[in-house]
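Take a look at the structure set out below.
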Amino acid sequence: MEHIRTPKVENVRFIDRISSRKAALGTLYLTATHVIFVENVSETRKETWILHSQISSIEKQATTATGCPLLIRCKNFQIIQLIIPQERDCHDVYISLIRLTRPVKYEELYCFSFNPKLDKEEREEGWKLVDLNEEYNRMGIPNNYWQISDVNREYGVCDSYPTEVYVPRSATAHIIVGSSKFRSRRRFPALSYYCKDNHASICRSSQPLSGFSARCLEDEQMLQAIRKANPGSDFIYVVDTRPKLNAMANRAAGKGYENEDNYSNIKFQFIGIENIHVMRNSLQKMLEVCELRSPSMSDFLWGLENSGWLKHIKAIMDAGIFIAKAVAEEGVSVLVHCSDGWDRTAQVCSVASLLLDPYYRTLKGFMVLIEKDWVSFGHKFNHRYGNLDGDPKEISPVIDQFIECVWQLMEQFPCAFEFNERFLIHIQHHIYSCQFGNFLCNSQKERQELKIQERTYSLWAHLWKNRVDYMNPLYRADHGQTQETLHPQTAPCNFLYKFWSGMYNRFEKGMHPRQSVIDYLMAVKEETQQLEEELEVLEERLSNLKKVQVNNNKVKNMQQDRNKALRLSASNNSIANTPQEYSNNLKSFPSRSPSQGDEEDSALILTQDNLKSSDPDLSATSDQESGVEDLNCRSPSGGCLPSEDSGKDPDSDEAVFLTA
Amino acid sequence: MEFSELIKTAKPGGDGEQGTVELWLLIRNVDAVEKRFASSSGTITLKCKDLRVLQLEIPGMEECLNIASSIEALSSVESVMMMYPFFYRPHSMKLEQGWHLYLPHHYYQQTSAWRLSSVNRDFATCSTYPSAIIVPAIVDDEALRKIARFRQGGRFPVLSYYHKKNQTVMLRSGQPLMGPNKKRCQEDELLLKAALCGRARGFVIDTRSAQAAKQARMTGGGSEPKAAYLGWKRLHRPLERGRPLQESFMKLVEACNDPSLGMDRWLSKLESSKWLSHVKAALSTACLAAQCMEREEACVLVHGAEGTDTTLLVTALAQVILDPDCRTLVGFQHLLEREWIQAGHPFHLRCAHSAYSHARLKQEAPVFLLFLDCVGQLGRQFPFSLEFSERLLLALFENSYASAYGTFLCNSEKERSLCKVKETTHSLWSWLNQPNQQKEYLNPLYSYNALVIWPSVEPQSLQLWQGLFLQWIRSSQYLDEAWAEIQRLVEGSKTPRTNGAAHSQRLLPH
């Protein structure tokens, strides 16, 4: 690769951000797709793999006596510090990475070289796993009120919309095209979700080009058509997810929002979600708090508040709750928009759908939801997540916020989701990893031009294949919580929004609960199932026994089998219960970490089609934390930080103890 | 005094109809009574010590006033002997049960360099210690009496915990009464020397700042000088206590109950209450004590000033971290008996009022609540390692402030003996340990974990105790369902196994 100035640097020190004392010595490799660090310790040869597309920034710090430090921050919130002995090597690595992490062509991205050794049919099958037509059929569409429209065939009306769009039957092509001319980027109102039970729907669009007084008859007819498609209600809500001030400012530029006087029977509502720039800065501030070394409780809480992050999450959730309530309780249809209708609108529509429809809370349904509200409606993945080198002002954690909303809901409704936290974290990882083609480009049109489905693999198939890792053991399809519309508590509810350390500090294993309830319960559940199956067999045998005296040997064998099974399952349990042994006994831990299979081939092959790191935990799996923490380096003892009183009293032995 | 004198209106309104919901509230649980009147009826708001808020609408102004003043009078009865436990006589329980759950000589049998002393038989040497205490074998009772005079409240250093694994010990005491002249006490120095059992090092963990410890000399107190106590090193870890801790509790509860707060103001109120900072500090200090024993293999002496509050917080928490036996349902009860109740934490004074009271603060401080919160944090970080669940911690919180049982009455064993608490009230433990109750408090995920459980004390790892502070504010329906589901899964895994075993028994050839 022409961009790699130096493929290998030896005697590099890799620093665990929490405890600077635990530096590991090893070799650094640069490949076309990954940065790889291999520890020197011969028996473990622990490897850390980082995809170039995950790297968000590289910082070269001032050279010290020990070497030249390089700080790498990743989009999945991993932070890595390397100390490279020679300044020249460090510079080469730095320059190489700067180029490697800013690809200019889609073809440079990992998904075009990633090959999971599936044949063509398997790949095609994978892409068929999520089918949006099937999804609209599931909603009960087409029906008397809604139909599929081919008005956007060849992307003739709106290039960021899919070709197949669902609209009210009474909306003619003339009305749609007319309406699209009156909407930013021609993103006309289209169906996002339809509620079979009461005909209420959620539609989405961009802002109208109303300026101070402009009107558009077709756009008014379009909204009328949406209202008529819901015979149960004589009005619709129009929800503008922007703060009112922002929407008003847009009027000066000939855009703006719907005037209630011009549209018959609409109720207009502002919901103040801030724009992508505010969100980008907010995340930045929150990550600075996460990066603090041994912060005090006040530093942390103050920083968290100051970032405004949880306030923004709550705003998105509130908007979703408002819409879900309108649809489920009032039976009123809602049209949602923001400015372009591809960021806040996507967040809000998908949160509302998730609250309304239990299907989206299943593993498969969640994939469908992201495909429907994000991928197909032209959320600009490439710009927002900086897959290709581009304008840094376009980058913003829009889908990250949606994923966090889902997590916050999972915390409030632990039995309502079929999937677990790991599922969310892995999806977030792959939105940035560019290992699968799903989230490439900014629109369906671009993806089609690139022939993504012929040249890359689908993430959904990969996740589906490993679905057993992503199951929530507490989920029960027959549970009341599972089948209803979710009603998150509203006021007072600020305290229900929590900092998600599992995401933003996910690589600081020491911060998280040392024992995983989810994994344990999953193991218990499986074991119970096995035992129940065995029990059935035994019962069957028992009834046979009553009829005929069976061969004694046979029964003996059966008995032995059963004993063996019990012993196995019992040992599984004890391991799950003593996580302190994880570090010594990684392989026998019953949690099926998807990377486990990779452990066998620990030999390092530095080829481009190396398949490693198809899983986001890879760089972390070998980093299992023991239950026993080195307190000298962490704050329980106030380790590195002398207490404020030290030094004042010569009698105190503070310093002596700490260096001892 | 007859209670009936205090009751002005016994029963307002109509007769109770059949099928009506009954609410029984221990009057002792009422922390504050607020009244509001509108024309002919009135509203009484009862703010309870367990943080619940109840509103009663009562027709008739006079009746409303009567009821409010009756509740006020009854809830502020100060005499211990007038408290409910002395009158509570459930049929299913026997009075003497549960009072001898923990006996010091059981604990003492583990050791040899230590002896059980009865120097405090009549509570004369130290009014806040139990009658039997464990001290180094070579220090005689005479020396103990001398040392008691050199330690605040007579609280001479006693054994708090013996770490079997490496035979290190933790002691606790009151501060040494050095005073401005740096007085010394030979016997005290000898005791601490003996406590080292030949080890090179010991650590005195003072729960005050170095500055505060120094200032304490002006009022007769102080902290062990290095020169006088060879081998002992002093570490200062200031922990909040007394009024600031009580105010922190009140601020937090106020923030939780304020529906008008936006997200930003909620976080800043949470921050400014400092409650989570206190949780972090308490856990950190307990980890330090545990680390000194487990990692440094050194002995530890913990004290602050009186040695009855933050001292016990640290010694008790350190034991939960170090000792798996303290993490069982019964072991935890032993720990509470040993390190809180018999160790003389003044429950009566500290838990006289909770977070709502408008009464002038006297000696209230939620030190025990802070301990329960810290144990809850450990349980969240090690979900399989505690045999009991959050529900036990909640029950303990409620009972420490208002209870039908005598366990948390009074300030010391001496007072309990004077009030005949053990003879005339029921023990909370005997109620908790009934099989049907026990089930309620067990953690279905528990599995014995012999290891030390070192928690993370990073702010990201510590959480507001929602189950307590938001108990009456947010609905816990979905979380309870999840808990029930966990129980079902774990129980479910047992059924096929027992059935399977039974069947295979029958399948065995005879």
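Cβ atoms are placed via backbone N, Cα and C, with glycine included.
No curator has checked TrEMBL annotations; they are predicted automatically.
Annotation source TrEMBL lists active site, phosphocysteine intermediate at A:CYS338. DSSP assigns A:CYS338 (active site, phosphocysteine intermediate) to coil, not to a helix or a strand.
Counting every protein chain shown, the number of other Cβ atoms lying within 10 Å of the Cβ of A:ASP340 (substrate binding site) is 19. Residues or ranges marked as substrate binding site in TrEMBL: A:ASN275, A:ILE276, A:CYS338, A:SER339, A:ASP340, A:GLY341, A:TRP342, A:ASP343, A:ARG344.
Among the features that TrEMBL reports, coiled coil is placed at A:521-548.
For A:572-596, the entry in TrEMBL reads compositional bias 'Polar residues'.
Per TrEMBL, the feature domain 'Myotubularin phosphatase' maps to A:126-504.
Secondary structure of the domain 'Tyrosine specific protein phosphatases' (A:307-351), assigned with DSSP and counted as helix (H, G, I), strand (E, B) and coil, comes to 31 helix, 5 strand, 9 coil. According to TrEMBL, the feature domain 'Tyrosine specific protein phosphatases' maps to A:307-351.
What TrEMBL lists as region 'Disordered' is A:572-660.
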Over the residue list A:ASN275, A:ILE276, A:CYS338, A:SER339, A:ASP340, A:GLY341, A:TRP342, A:ASP343, A:ARG344, recorded for substrate, what is the maximum interresidue Cα distance in Å?
12
For A:TRP342 (substrate binding site), which residues of its chain lie six or more apart in sequence with Cβ-Cβ distance below 8 Å?
A:SER160, A:ARG187, A:SER206, A:PHE377, A:GLY378, A:HIS379, A:LYS380
Give the sequence-ordered list of residues that share a chain with A:ARG344 (substrate binding site), lie 6 or more positions from it, and have CB atoms under 8 Å from its CB.
A:THR241, A:ARG242, A:ILE273, A:ASN275, A:ILE316, A:ALA319, A:CYS338, A:VAL398
Could you tell me which three-state DSSP class A:ASN275 (substrate binding site) falls into?
coil
Including all protein chains displayed, how many Cβ atoms other than that of A:CYS338 (active site, phosphocysteine intermediate) lie within 10 Å of its Cβ?
28
Tally every other Cβ atom lying within 10 Å of the Cβ atom of A:ASN275 (substrate binding site).
15
Local confidence of the domain 'Myotubularin phosphatase' (A:126-504) - pLDDT mean:
94
What other residues of the same chain, not counting A:ASN275, A:ILE276, A:CYS338, A:SER339, A:ASP340, A:GLY341, A:TRP342, A:ASP343, A:ARG344, have a CB atom within 8 A of the CB centroid of the substrate site?
A:THR241, A:ARG242, A:THR345
